[in-house]
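Novice: Before I ask anything, here is the structure I am working with.
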Amino acid sequence: GIGGDYPLSATIMSEYANKKTRGAFIAAVFAMQGFGILAGGIVTLIISAAFRAGYPAPAYKDDHFNSTVPQSDFVWRIILMLGALPALLTYYWRMKMPETARYTALVAKNAKQAAADMSKVLHTEIVDEQEKLDQMVTAESNTFGLFSSEFARRHGLHLVGTATTWFLLDIAFYSQNLFQKDIFTAINWIPKANTMSALEEVFRISRAQTLIALCGTVPGYWFTVALIDVVGRFAIQLLGFFMMTVFMLGLAIPYHHWTTAGNHIGFVVMYGFTFFFANFGPNSTTFIVPAEIFPARLRSTCHGISAASGKAGAIIGAFGFLYAAQNQDKSKADAGYPAGIGVRNSLFVLAGCNMLGFVLTFLVPESKGKSLEEMSGEADDAEEEAVGARAVRPSETQMV
């Protein structure tokens with residue numbers, strides 16, 4: 001489903017892009033997520049504002065029953081249904097896309113079809129070279145499987161690196177995303193839930209999340225697009241993990257200061273920077289690198305394993321933070337939840353996850369400026385032409 005689109009989008013873009021700008025192209029694909037987050041916030045703002053104006057309601061503490069008007073049930077349904085529109089567009093465009101030339105040539109072993117597909121994309125005549133392709137795909141170094149000792153020797157640590165860094169990132173990233181409202185409430189940027197009606201609460205939460213997306217999330221993505229082929233994936237990931245650690249410690253250590261009246265703006269600014277450096281950092285690079293460093297026949301599989309590891313981290317972040325962030329005094333915890341370690345200590349734990357991600361980044365190689373075949377070992381290190389170019393050779397417009 002949608003989850004499978006992660007490895008597909010990254011792999012498709014990596015196999016069509018030029019090696020000099022490949023990072024920016026893959027990052028641009030991922031950066032559209034930022035506009036999706038922003039669009040989701042804006043849609044929620046518009047709909048909740050319209051219903052709030054049309055159906056005013058008292059605060060929950062004043063009237064439990066009437067604080068949630070019957071019409072508010074339409075709000076979440078409309079927001080959710082509108083999400084089907086981009087999914088339908090994606091489905092249509094996916095149906096129109098051919099397989100990449102590398103897949104068709106190296107996995108399906110059909111150089112003629114690969115040449116035809118690339119001709120359509122590049123709008124130039126491409127000649128297939130089946131003999132060179134056959135020599136390449138039958139070479140012993142290009143026939144090992146995912147569970148072979150050869151894969152473990154060549155790419156085992158790489159896969160451990162891409163999977164664990166994505167896992168650790170998503171513990172912190174999803175904790176931040178899913179529980180923004182709880183953090184904003186804890187520092188008194190958003191009023192307590194019982195002081196608002198249901199529609200008022202939806203409006204205020206979406207406004208806060210949209211502001212964070214606009215000022216932190218979206219700029220972070222596009223800084224990555226602009227700089228990834230200049231400074232490299234490795235440096236951006238290290239910087240991102242390090243700065244996320246710094247800003248989370250900056251939130252956690254003086255946490256009492258941030259919760260006092262008049263100081264929440266400073267907290268929001270620092271919190272926004274953690275989103276900025278997540279996206280100008282590991283949230284982007286963990287998506288990009290697995291699509292560049294593994295062999296073509298295993299590329300989307302290894303990317304999928306890395307992405308699935310990330311979602312395992314997301315589950316831990318979602319459930320873990322929900323319980324961990326509860327007040328240490330059980331009488332002050334949310335109804336139905338046991339006492340936790342509190343928001344402050346939870347931020348310390350997330351900072352530790354980021355620091356561990358920083359360390360494990362050293363398992364991941366730098367792929368800036370290198371062909372996919374050079375990174376995966378499918379071609380000799382001294383050979384700059386990609387297998388796809390050898391099997392389906394365009395003119396000077398070939399993609400390496």
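Including glycine, each Cβ sits where the backbone N, Cα and C put it.
Reproduced below are the annotations present in TrEMBL:
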type	residues	note
DOMAIN	1-369	domain 'Major facilitator superfamily (MFS) profile'
TRANSMEM	23-54	transmembrane segment
TRANSMEM	74-93	transmembrane segment
TRANSMEM	211-228	transmembrane segment
TRANSMEM	234-253	transmembrane segment
TRANSMEM	265-284	transmembrane segment
TRANSMEM	304-325	transmembrane segment
TRANSMEM	346-365	transmembrane segment
REGION	373-400	region 'Disordered'
COMPBIAS	375-386	compositional bias 'Acidic residues'
Novice: If you count every Cβ pair below 8 Å, which range out of 234-253, 265-284, 304-325, 346-365 shares the most with the transmembrane segment (211-228)?
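Specialist: Comparing 234-253, 265-284, 304-325, 346-365 against the transmembrane segment (211-228), the winner is 265-284.
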Novice: Report, as numbers and ranges, every residue of the chain located at least six residues beyond the transmembrane segment (265-284) whose Cβ falls under 8 Å of a Cβ in that stretch; write 'none' if there are none.
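Specialist: Residues packing against the transmembrane segment (265-284) from afar: 27, 30-31, 34, 165-166, 169, 172-173, 176, 183-184, 187, 189, 211-213, 215-221, 223-224, 227-228, 236-237, 239-241, 243-244, 247-248, 250-251, 258, 357, 361.
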Novice: Among 23-54, 74-93, 234-253, 304-325, which stretch has the highest count of C-beta pairs below 8 Å with the transmembrane segment (346-365)?
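Specialist: Against the transmembrane segment (346-365), the leading stretch is 234-253.
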Novice: At a C-beta cut-off of under 8 Å, are there same-chain residues at least 6 beyond the transmembrane segment (234-253) that contact it? List them, or none.
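Specialist: 165, 169, 172, 224, 227-228, 267, 270-271, 273-274, 277-286, 289, 344-345, 347-348, 350-351, 354-355, 357-358, 361, 364-366, 368.
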